[in-house]
Structure formats: C-alpha cells, structure tokens
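Engineer: Okay, these came from Swiss-Prot:
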- 123, 124, 177: S-adenosyl-L-methionine binding site (BINDING)
- 232-258: region 'Disordered' (REGION)
- 239-252: compositional bias 'Basic and acidic residues' (COMPBIAS)
C-alpha cells in the first residue's frame, strides 16, 4: 500500500460527472489520478466539495448558501442587530459597499449581502475560490437566495496585490478575517480548519493586508479576530466590538452617511 502524500486529486462522484471533473482538473492544474493524495476535490450532485482522505478524515467541506447554516443564519441570525452589521456600519439608510478581502467560504460576505450590502470578495487559495464559485453559481438558481448572491462578486488572487493595484471606485469598507491559529472546538469549525490549514496556512502577512486595506478603503476597515487574540501589528483600532468568541477591531477613516 502506498503512503499518503500531500497531493490533491479531482474525482467524479459518479460517471455522469466525469466531464465536469475533467474541466475542474484542467482549471485547477490537478490530476484525476493520484492514489497517494491527501485531499480530493469531488464533483457530484451537490456540486463541488473538498474531502480530506484517510481514516481519521472529517466530512467534506462545500459552500452552500441555500440550505443548512447559511439558511438558518439568514432567517434567525438577528438581521441588522448582528455584531458584524454594526461593525461594517450598517444602519438605517446605510448599506456600505464592502470588500471582503479574505473571503474563505463566503459566510460573512453572504450575511452582509443578505442585509443589502454590495459585496466584492477576494479569495487567494484556488481550491477555496473554486468552492466559492461553485456555491455562488448554485445559489443563483434559487428563487430566494439568487438576489442575495447577485450582490456578491468574486475575485481570485492575492488580496494585498489586488488592493494595491485597485482601479475604479474604492470600497467604502474593507473587511478582513485573517486565518489565525486559534483553538475553536466547535465541530464545524474544527472540520473546516482541519481541511483549510494544510491548504491555506495562517495569514502571516496580516500586517501587510491591514496596511493595504487602510490605504484603499474610503470609510473604514474592520478586522475580525478571535476574542482574546492580539490586534494586528500596525495602527491601533479606534475601538472594538466584542462577542463571545470573536471581536471586530474598527479602523475608521470617515463617517458613513445615508
């Protein structure tokens, strides 16, 4: 038996998805065959998902804006009273244009889009960006969620470089949630982190990310951190909003107006 490596393969969950699997393999530059792979990008009835391989592997990770956690948060998440809404400056008559420069699986961006914000998302890791692209495409077909994801535009690549080379109108608010080595024990976060960490690693460039965001945003920068984590090296935030497990550090530049 071959030892498991660190590679990634693409596989179809059934014969009818073989062509889609070939397309994704070509786009991502990944093989369709690799018996030693540590991860599989799987193509099936539920779209695209990433499955860690091996006996102790958690379940697959995919993006689903229509059902599950996203649907529950959309319906019961607290609307404009949510801390993230206050952090980015949502108020009566104010729905800022927001750039989420560390999009991940798009959960926070989806919450803000569901509250009416026009969102631009940047994701640097090609596999995570592929999950996000697939989730957005499936959500567009849903009658209720389609208009929400219609407010979400996905860009791929290095967020620092993209912000430094930004052309056109600057985003009013830039939202950052750098990958941070924290110990959240919830099953879902644990599963996603176990899959993410080997693929993405920690954002050791967080100070440069903050610097680029502060240079570009017209009104404010918001940084989400684990509640007890230190602030990112660089300018100090003016204030923070603190929740049970996380907090939002606010770096204002000028007031948002209705």
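Note: Cβ is positioned from N, Cα and C throughout, glycine not excepted.
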Engineer: Using the centroid of the Cβ atoms of 123, 124, 177 as reference, list every other same-chain residue with Cβ within 8 Å of it (recorded S-adenosyl-L-methionine site), in sequence order.
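Structural biologist: The answer, listed by sequence position, is 100, 101, 102, 103, 104, 121, 122, 125, 128, 159.
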Engineer: Which Cβ among the binding-site residues (123, 177) has the fewest C-beta neighbours inside 10 Å?
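Structural biologist: Across 123, 177, these binding-site residues, the one with fewest Cβ atoms within 10 Å is 177.
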Engineer: Write out the long-range same-chain contacts of residue 124 (S-adenosyl-L-methionine binding site), meaning residues 6 or more apart in sequence whose Cβ is under 8 Å from its Cβ.
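Structural biologist: Once residues fewer than 6 apart are set aside, residue 124 (S-adenosyl-L-methionine binding site) is near 156, 157, 158, 159.
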Engineer: Indicate whether residue 123 (S-adenosyl-L-methionine binding site) is helix, strand or coil by DSSP.
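Structural biologist: In three-state terms, residue 123 (S-adenosyl-L-methionine binding site) counts as strand.
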Engineer: Just report the maximum Cα pair distance in Å for the recorded S-adenosyl-L-methionine binders 123, 124, 177, no decimals.
Structural biologist: 13
Engineer: What are the DSSP helix/strand/coil residue counts across the region 'Disordered' (232-258)?
Structural biologist: 0 helix, 11 strand, 16 coil
Engineer: For residue 177 (S-adenosyl-L-methionine binding site), what is the secondary structure by DSSP, using just helix, strand and coil?
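Structural biologist: DSSP call for residue 177 (S-adenosyl-L-methionine binding site): coil, neither helix nor strand.
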